[in-house]
Each structure stands twice: as structure tokens, then as C-alpha cells.
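Undergrad: Pulled these from Swiss-Prot:
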TOPO_DOM  2-23  topological domain 'Cytoplasmic'
TOPO_DOM  45-75  topological domain 'Periplasmic'
TOPO_DOM  97-115  topological domain 'Cytoplasmic'
TOPO_DOM  137-156  topological domain 'Periplasmic'
TOPO_DOM  178-192  topological domain 'Cytoplasmic'
TOPO_DOM  233-258  topological domain 'Cytoplasmic'
TRANSMEM  24-44  transmembrane segment
TRANSMEM  76-96  transmembrane segment
TRANSMEM  116-136  transmembrane segment
TRANSMEM  157-177  transmembrane segment
TRANSMEM  193-210  transmembrane segment
TRANSMEM  212-232  transmembrane segment
Amino acid sequence: MSVEDTQPLITHLIELRKRLLNCIISVIVIFLCLVYFANDIYHLVSAPLIKQLPQGSTMIATDVASPFFTPIKLTFMVSLILSAPVILYQVWAFIAPALYKHERRLVVPLLVSSSLLFYIGMAFAYFVVFPLAFGFLANTAPEGVQVSTDIASYLSFVMALFMAFGVSFEVPVAIVLLCWMGITSPEDLRKKRPYVLVGAFVVGMLLTPPDVFSQTLLAIPMYCLFEIGVFFSRFYVGKGRNREEENDAEAESEKTEE
């Protein structure tokens, strides 16, 4: 391989390193700003469960280091989540030079809507799902059983739900993207509604903790988001593939002229 051939690769690697460093710095800066409030952040996240606990019940720590490390771990996760727009922007800045003009126009709204829907999904989990799920689980405890949740177990439980709802709320973006690329169409998706409904419950079973209540609370919004995605996808059907064909045709004609 000649020096000229390695130059573009080295340039890309330097650019990738720069973008990765920017992502890491953004996470560290946000973490350092929030770490002082680590216990307050954990209290905020645990509030939906604490409100549903019977009188006199509290959360417990079964590991010696849990009271220190669990809030710190949560704060780091929050830092990652809050850094998502910066991370997505760095990804966009890295791949943008390789995209066509019409693709670049789509990416910005795609990144904004993806971030927004992810945060909306997490907010839905916190304000709607958590109170209902924890109320249901606390009230179904057998008689004589005192509900005292371990703080580390609770963190794992809620982060799984946060991620499940955040990712599931990306369904409209995924559908619009698939239709834009010409892989599917709104008509095909409408025909598959029964399968999508069953699939939503299967995904709910896989992504949420093993209780029917959480699975249902994820599956129903997922199906509603599917319908929203189908509605908006009709404005983007096949546009990406058509543009690619036009670009290929233009490139072919330029080669012929040469």
C-alpha cells in the first residue's frame, strides 16, 4: 500500500479519534457537574417506588458499598443519557462528508426526533409506568411480606425500563426510515398490523422485567407509535431510493461523457 493510499485512512482515524474524545469529554463534564448531587438524583429516581411502599417500609442496601456506588453509578448513566445529543452530533459530523446532499437534509431531523422520542419514552416510563407498575406490584405482595427493595436491584430494574421505553419510542423514526429507503411501504405495514401487535407484546416480554403489567404498558404504546410511524411514513415513501437512483444515473452519465 502506497503512502497516498494510506493518507485518507489516517485522516479518517484522526477524525474518529477527535469525535470519540469529544464524546468522552462531554460525558465526563456532565458527570462532574452532577456527581455532587448523586444522592439527590437517586432519591428523585426512587420516588415513584417510595410513594407506593407501605407505611414504615424503606429501601435497603444489602451490600456494604451499595449506598456509595449505586448513586454514583446512576449519575454516570444519567450523564450518558444527557450526553446523547452531543454523541449523536459527533456521529453525524463524522459521517456527514460521505453523505449525499439529500441524505444530509434528512439526518438532522432524524437525529433531533430520535433524541426527543428517546427522552419522551423515558419520561413516559417515569411519570406513567413507574407509579402504575410499582403500585400494582406493591399491592399484590402476599400477606405478611414486607416490601423492602434493595437499592442496587431497584437501579437495575428502572434502568432496564428506561432503556426499554426509550428505545421503543424510536419506532416511528425506524418506520419512516425504512419507507424512505424503499424497503417497505405504509400499505405493506398496514397489512401486517396483527403481527405487529403480537410482536409488540413479544418485545415487551423481552425488554421489560418479567411481569405482565410492565409488558402491557410497553406493548400498547409501541403499537400506537407504530400507527403514528405508518401515518407519517406516507410522506417519505421511496424518496431515498429514488434520489440514489438519480445520483447513480448522474454519475454514470458523467463517466460516459468522459
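Counting begins at 1 with the first residue displayed.
A Cβ is built for glycine as well, from the same backbone N, Cα and C atoms used for every other residue.
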Undergrad: Residue list, the transmembrane segment (24-44) vs rest of chain: Cβ under 8 Å, 6 or more residues beyond ends.
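TA: Sequence-remote neighbours of the transmembrane segment (24-44) are 70-72, 74-76, 78-80, 82-83, 86-87, 151, 155.
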Undergrad: Could you count the residues of the topological domain 'Cytoplasmic' (178-192) that DSSP puts in helix, in strand and in coil?
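TA: When I sort the residues of the topological domain 'Cytoplasmic' (178-192) into the three classes, I find 9 helix, 0 strand, 6 coil.
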Undergrad: Taking residues 6+ outside the topological domain 'Periplasmic' (137-156), which of them lie with a CB under 8 Å of any CB in it?
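TA: For the topological domain 'Periplasmic' (137-156), the sequence-distant neighbours (Cβ-Cβ under 8 Å, at least 6 residues beyond its ends) are 42, 45-46, 49, 52-54, 57-63, 66-67, 70, 73-74, 211, 213.
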Undergrad: What residues in the same chain, six or more past the boundaries of the transmembrane segment (212-232), come closer than 8 Å to it by Cβ-Cβ distance?
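TA: For the transmembrane segment (212-232), the sequence-distant neighbours (Cβ-Cβ under 8 Å, at least 6 residues beyond its ends) are 124, 128-129, 132-133, 136-137, 161, 164-165, 168-169, 171-176, 186, 189-190, 196-197, 200-201, 203-205.
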Undergrad: Work out, from DSSP, the number of helix, strand and coil residues along the topological domain 'Periplasmic' (137-156).
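TA: DSSP classes over the topological domain 'Periplasmic' (137-156) add up to 9 helix, 1 strand, 10 coil.
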Undergrad: Just to be sure I understand, if DSSP states are collapsed into helix, strand and coil, how many residues of the topological domain 'Periplasmic' (45-75) fall in each?
TA: 18 helix, 1 strand, 12 coil
Undergrad: Roughly where does the topological domain 'Cytoplasmic' (97-115) sit in mean pLDDT, to the nearest integer?
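TA: PLDDT averaged over the stretch: 78.
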Undergrad: For the topological domain 'Periplasmic' (45-75), find every same-chain residue at least 6 residues outside the stretch whose CB is under 8 Å from a CB in it, and list them.
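TA: 31, 34-35, 37-39, 126, 130-131, 134-135, 137-138, 146-152, 154-155, 158-159.
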